[in-house]
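J.: So Swiss-Prot lists these for the protein:
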{"type": "ACT_SITE", "residues": "22", "note": "active site, proton acceptor"}
{"type": "ACT_SITE", "residues": "25", "note": "active site, nucleophile"}
{"type": "ACT_SITE", "residues": "75", "note": "active site, proton donor"}
{"type": "DOMAIN", "residues": "7-93", "note": "domain 'ASCH'"}
């Protein structure tokens, strides 16, 4: 399978990504094929507006129940907020993937 070359985020996360405050994203199985070492074009989900490029550092499986304060810190939010956001986006999904990245 070819590694994805694009990634989208809700526009509300753009400022944190650009400021380096958000350094991971948590996705479901449909987005687990990002490959470490590749660079992706990043755009807003709502408008499709490109706002940066990210280098994928790692892709690791994680269960929703294993999310902790460290993940929340990397997402620049509290653990309670992180879990709430994940449940809104991926209701009822236990198997997730942590994608770590850096802006290039």
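The chain as shown is numbered from 1 upward.
Glycine is treated like the rest: Cβ placed from N, Cα and C.
Just so it is clear, the model here is predicted, and its values are computed rather than measured.
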J.: Please report the Cα separation of residue 25 (active site, nucleophile) and residue 75 (active site, proton donor) in Å, rounded to an integer.
T.: 7
J.: Long-range same-chain neighbours of residue 75 (active site, proton donor), Cβ under 8 Å, sequence gap at least 6?
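T.: Those within reach of residue 75 (active site, proton donor), by Cβ under 8 Å and sequence separation of 6 or more, are 22, 24, 25, 26, 82.
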